[in-house]
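To start, the structure itself, in structure tokens.
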Amino acid sequence: MARLLTTCCLLALLLAACTDVALSKKGKGKPSGGGWGAGSHRQPSYPRQPGYPHNPGYPHNPGYPHNPGYPHNPGYPHNPGYPQNPGYPHNPGYPGWGQGYNPSSGGSYHNQKPWKPPKTNFKHVAGAAAAGAVVGGLGGYAMGRVMSGMNYHFDSPDEYRWWSENSARYPNRVYYRDYSSPVPQDVFVADCFNITVTEYSIGPAAKKNTSEAVAAANQTEVEMENKVVTKVIREMCVQQYREYRLASGIQLHPADTWLAVLLLLLTTLFAMH
């Protein structure tokens, strides 16, 4: 009997110990109503704080949403000086605005045409040629060096006088063909003369371009000009050939040398008479 009672007491103590351990673990995992979460909800100084949710100075601040100077400011969106400013997109002071780029006239690079040298008159190019302008390489042609101080041979004193009075109006260089191989003098001079009178628009072809009234009024002057200038061009072409011959290393044959001397003597005799 005593042994049974002792066994029951031990079982009761063991059951009580297990229950106490289980309750302690349950209390640690899930806090009861006395934890920090429940206590925080019952804190009287936080949810009913009068200075935060019912602050009359923030949501009902009349100075911010109803500020008449910001959303309805007439000076910003309707500023006449920016979007409708006539001086910006159509600014006439900037070269080539709205036209693109053109190296010769500032025009558009759209539909740009290749540059072509203008047709010049013998008189009009006098200043540029005398100043040493480079006009070489036009269609296989080249322009010779400046020939100043040459003594030209004319047929009459009137021609000498006319050239002395008007020589400053004309260039002192000629065009010649850019040959790939040496050529004789007659070929060089003929090509040089034809190219030069064509480029300078003188001679019979120039007479056709003038009106009949102007041609009749200046007939004497035009005839004198054509006569004198064509002689000057031919002599400049001869001089240009001499320089071309020296640069190319061309040697004259004896017959050509005697012919050149004879022509020079004849020209001198005609000039003396």
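Here the Cβ of each residue, glycine as well, is placed from N, Cα and C on the backbone.
Positions annotated as signal peptide by Swiss-Prot: 1-24.
What Swiss-Prot lists as region 'Disordered' is 25-121.
The annotation repeat '1' is assigned in Swiss-Prot to 42-47.
Averaged across the repeat '2' (48-53), the predicted model reaches a pLDDT of 51. Among the features that Swiss-Prot reports, repeat '2' is placed at 48-53.
Taken from Swiss-Prot, the feature compositional bias 'Low complexity' covers 51-94.
What Swiss-Prot records for 54-59 is repeat '3'.
Feature annotation from Swiss-Prot assigns repeat '4' to 60-65.
Residues or ranges marked as repeat '5' in Swiss-Prot: 66-71.
The Cu(2+) 1 binding site annotation in Swiss-Prot covers His66, and the record cites similarity to another entry as its basis.
Annotated repeat '6' per Swiss-Prot: 72-77, in sequence order.
According to Swiss-Prot, the repeat '7' annotation covers 78-83.
The repeat '8' annotation in Swiss-Prot covers 84-89.
For His90, Gly93, the entry in Swiss-Prot reads Cu(2+) 4 binding site.
Taking Cβ-Cβ distances under 8 Å and a sequence gap of 6 or more within the same chain, the neighbours of Cys192 (disulfide bond) are Val174, Tyr175, Tyr176, Arg177, Cys237, Gln240, Tyr241. If you look up Swiss-Prot, you'll see Cys192-Cys237 marked as disulfide bond.
Proximity of Asn194 (N-linked glycosylation site) to non-local residues of its own chain (separation of 6 or more, Cβ distance below 8 Å) is seen for none. For Asn194 (among others), the entry in Swiss-Prot reads N-linked glycosylation site, with the evidence type sequence analysis.
What Swiss-Prot lists as N-linked glycosylation site is Asn209 (among others), and the listing cites sequence analysis.
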C-alpha spacing of Asn218 (N-linked glycosylation site) relative to Ser248 (GPI-anchor amidated serine), in angstrom: 43
